[in-house]
Amino acid sequence: MASPSRRLQTKPVITCFKSVLLIFTFIFWITGVILLAIGLWGKVSLENYFSLLNEKATNVPFVLIGTGTVIILLGTFGCFATCRASAWMLKLYAMFLTLIFLVELVAAIVGFVFRHEIKNSFKNNYEETIKQYNSTGDYRSDAVDKIQNTLHCCGVTDYRDWKDTNYYLEKGFPKSCCKLENCSPQRDADKVNNEGCFIKVMTIIESEMGVVAGISFGVACFQLIGIFLAYCLSRAITNNQYEIV
């Protein structure tokens, strides 16, 4: 058993560990709230765009919502464990942080390996949606219109992709292809955007991948700090039989 003098000397160290771990846990909890908010926003605003990637991609907002909720609950548990200075709870907290870190690592590797399949899936689904385009409210057709309006593009590779569609043969180019707002449907290529949407969408995605990768790497490293702090505090409490009075 540790002597009273040893425990007295160790107490400031443990208090310091607790303070830093509480700060980490609070920031970790905030990231969970942010993920939850992004998931809810994606579910409301971006579901149509996810549908152009893959049918399963519509589950992405639910994954973010679920991940955010788990982080919020885990952060709350970590705060409670730190305040209680419970060695076994801190070890459990470190174990959960390690598990989340490994899941994020696997997800990053899978996303990197299958990045080309994501591109091909988007292109194929975009082409199929154009062929079946319906201006009366189909959710995929609505996604195409939003992309073409936002990026000022028309078709997959260029505007000529529309010329093989039934919609073009009946009504001409959709309004979302027009260079000017509220133009009437017509077949004059001079009045529509010539550039295709696929390259523009992929350019935006690839330009943001570096930012996303950097943030993901930072979050992963941040979790390693939390794992280290929780383990060290747990070990210090166990070795010195520290008790909260």
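Placement of Cβ uses the backbone N, Cα and C atoms for every residue, glycine included.
Sequence annotations record features per position, and here TrEMBL assigns disulfide bond to Cys154-Cys178. Annotation source TrEMBL lists transmembrane segment at 20-42, 62-80, 92-114, 211-233.
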Quiz prompt | Neighbourhood of Cys178 (disulfide bond), C-beta criterion under 8 angstroms, separation at least six | solution = Lys191, Val192, Asn193
Practice problem: Go through the chain and flag residues at least 6 beyond the ends of the transmembrane segment (92-114) whose CB is under 8 A from any CB in it; none is fine as an answer. | Solution: 70-71, 74, 77-78, 81-82, 213, 216, 219-220, 223-224, 226-227, 230-231, 234
Quiz item: Using a Cβ-Cβ cut-off under 8 angstroms and a sequence gap of six or more, which residues of the chain neighbour Cys154 (disulfide bond)?
Solution: Gln148, Trp162, Phe173, Ser176, Cys177, Val192, Asn193, Asn194, Glu195, Gly196, Cys197
